[in-house]
Amino acid sequence: MKLIIGVITLFPQMFDALKSGVIGRALKQDRLTLSCWNPRDYATDPHRTVDDRPYGGGPGMVMKFEPLALALKAAKAQLGENTKVIHLTPQGKLLTQAIVREKIHASPLILLAGRYEGIDERLIEAEVDEEWSIGDYILSGGELPAMVLIDAMTRLLPGVLGHKDSASQDSFTAGLLDYPHYTRPEKIADRPVPSVLLSGDHEAISRWRLKQSLGRTWQRRQDLIKRRSLSENEQRLLDEFFEESS
């Protein structure tokens with residue numbers, strides 16, 4: 001499986017940060033292809049203007065239709081005319097791990113990173129297939145959300161992470177938060193590593209990890225527990241967690 005991503009951005013240099021770590025490894029392995037198109041390169045006036053004042057007044061500037069449309073046209077000429085366009089915006093639906101898993105099978109994709117007060121709505125109506133948000137907060141532009149989505153998709157590609165089970169055991173993969181992790185030394189001040197993790201009993205370790213995952217999810221994200229149908233074993237483990245924590 002190979003992930004092919006195009007990004008429409010006024011700041012393509014920001015994506016140089018992705019050349020490190022897991023994503024950098026995927027790029028070197030040719031598991032990920034990442035290309036950027038700058039709308040400023042498609043502006044037709046001498047000043048290469050990409051924004052203008054909003055109709056109706058108000059603060060800030062709005063990204064213009066034409067430079068964005070031409071940048072998208074160039075991206076689709078390379079990636080394919082039917083390539084889906086995803087606009088990263090706080091007005092979009094909330095991005096979840098389940099959606100990320102879907103998106104890696106929808107490659108190639110074009111990610112549209114807006115700036116300023118937003119994008120001319122007519123561009124969104126004409127060119128955008130989906131709108132996604134990474135959370136209920138505001139950033140200076142869509143570049144960081146685009147990088148979040150690229151990172152989340154890339155780490156699901158087979159062979160990109162160091163261990164084949166790394167992605168499958170992440171938070172949200174099973175609809176639960178991750179369990180606690182420990183490494184050497186065995187004791188720091190008065191905080192030892194839980195003895196079960198030193199036992200070598202893989203069944204007991206798996207049971208402990210699931211119990212901690214269930215308990216941590218209940219403590220921090222009850223919405224995830226409430227939308228999940230717990231098995232008898234999971235409910236028993238959650239009850240044990242409550243007893244041990246009280």
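Glycine too: its Cβ is placed from the backbone N, Cα and C atoms.
Under the heading S-adenosyl-L-methionine binding site, Swiss-Prot lists Gly114, Ile134, Gly135, Asp136, Tyr137, Ile138, Leu139, citing sequence analysis as support.
Overlay of Swiss-Prot feature records on the structure.
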residue: Gly114; record: S-adenosyl-L-methionine binding site; DSSP class: coil
residue: Ile134; record: S-adenosyl-L-methionine binding site; DSSP class: coil
residue: Leu139; record: S-adenosyl-L-methionine binding site; DSSP class: coil
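Contacts of Ile134 (S-adenosyl-L-methionine binding site) defined by a Cβ separation under 8 A and a same-chain sequence distance of 6+ are given as Leu88, Leu94, Leu95, Pro145, Val148, Leu149, in order along the sequence. Ranked by Cβ neighbours within 10 A across all protein chains shown, the binding-site residues Gly114, Gly135 are led by Gly114.
Cβ environment of Asp136 (S-adenosyl-L-methionine binding site): Pro90 lie under 8 Å away, each six or more residues apart in the same chain.
Ranking the binding-site residues Ile138, Leu139 by how many other Cβ atoms lie within 10 angstroms of each Cβ puts Ile138 at the bottom.
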